[in-house]
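These features come from TrEMBL:
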{"type": "ACT_SITE", "residues": "55", "note": "active site, proton acceptor"}
{"type": "ACT_SITE", "residues": "155", "note": "active site, proton donor"}
{"type": "ACT_SITE", "residues": "188", "note": "active site, nucleophile"}
{"type": "DOMAIN", "residues": "15-282", "note": "domain 'CN hydrolase'"}
C-alpha cells in the first residue's frame, strides 16, 4: 500500500500561556490546517491511501491547562456513535477542527490520522474528574476515506504536559482499512512503555501502527528515526511516524518503516515541513509466535561454546560467555584487558570499556547484565569508541527500567566524552554485540553518520543471549546498541 507521513513545522502561538478566545484559537489552528490540506492533496496525487500528521501539529505546545482550553474540540470517545463530522457538522458544538480534517479525508478519498486537543465534561461523582469539571486529552483521531471518524486515542503516557489529563484507563485503539487491515494507534512517549503500546500490538496481533509524535532527539540512543526503526524491527511491524519539525528544539525525524527498510527524514538544518510518500508491503505473517518464543527464551539451557568464532556471523554462530571480569588478564596470556571507566550517557551512569586497536573481544558488566563485543575495523581512525552497559532505573524525564548494551562513538578522545551526542563518524566497524538480557523486549539500534539508518545482518536470541551483528556499516558507525526495556521493573 502507499502511505504518507508529513513532518510539520507548526505555526505556534507567540504566547501560549496567554488566554485567548475560541475565535483566535481557531484562526491559529486554521493556518496549520491550511498546510495540512495542501499536503493531503499532494499525498493523494501520489497515490497515498493513508496520511499521518504529527502530535501538537495543529495547536502547538507549552500551554497551561486554562490557556489550551479555547483550542480544544469536543469529541465523544465512544466507538458506538457513528459520526461523519464533514457531513454532519452540527451534531456537536466545538468540532471545527474535526470537521476540517474529516472533509480533507472525504474530498481526497484518503484515510487521515491527526492529533489535536480535546475536551470532555465530567461529573463531580466521577472520582477522576478534575476540579474544573472537565477532562482535557491529547488525542489522535483517524478518519476513513469517506470522512467517518473511525477511531480516537487519548495519550496515556504524558511527557510533562500539564495542560492535559491521562485517561483513567488506557485506550487500546485500532481501526480497519481495506488496503492493509488493522492499524494500531498511540502517541510519542507511549512508545517507551508497555501500556498501551506493547499490549495493544500483542493482544490484537497488529502489523501496522500510526504514530503521531513531537519527539526531542536524544543521542546516542533515542533519536527519533533510530528508535522508530528499532520498534518496527523488534515487533516486525510497519510504522508510519510523523514528527514535528522544530530544529531549534531538537525536534525532527519522521519516517515510514518496515522491519527491513525505511524511508526517513531527519533534518536539523533547514526549516519547513516535509512530505514522505512510500509504497510498503502489507505484513501478513503471524509474528505473535515469535514474541511468545521470545518470552520463553529464558527457559533455554545456557550452552556455552568451546570456541569463539570471529568469522562472519552466521545463524549457527556459537557464543562463549567468558567468565573473567574486565581488567583481569585475558586468556591469551599477559595482554591486559582495557580498563573499565564510568561516564554519563543520557543521564544514566554507564560502565564503559574503551574499544582500542583494529580488532578485539571485550566484555563489560553491570548488575546482572553482561555485554560482549567482537569487533574488527577496516582502517584505524583517530576516533574513540567505547562499549557501555547500563542495567537500572532511568529516572530523568520519566522513570523506566533499561537494560542496554551500547557500542558508541565518543565525543572526543578522552573517556569523559563517551556518551556525548555525536552526529558524524568515519569508522567502519564489523561487529557482533550481545548480552544476557533479562527481558524479551529488545530494541536493536543501528545509527550511522549523519543520523542515517543501517540494518543488521543478523539478530535474535541464541543460547540465552540476544545478539546483533553487522559486517561493515554503510557509513561511519555512531551507535550499535541493544536497548532493552524491562517493563516489570518500572
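Cβ atoms are placed via backbone N, Cα and C, with glycine included.
Where the annotation comes from TrEMBL, it is an automatic prediction and has not been curated.
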Message = Validating a neighbour-count step here. Other CB atoms within 10 A of the CB of residue 155 (active site, proton donor): how many?
response = 26
Remark   = Between the C-alpha atoms of residue 55 (active site, proton acceptor) and residue 155 (active site, proton donor), the distance in angstrom, to the nearest integer, is 10
Ask   = How big is the Cα-to-Cα gap, in Å, between the residue listed as 'active site, nucleophile' and residue 155 (active site, proton donor)?
value = 8
Remark   = Here the 10 Å Cβ neighbour count for residue 188 (active site, nucleophile) comes out at 26
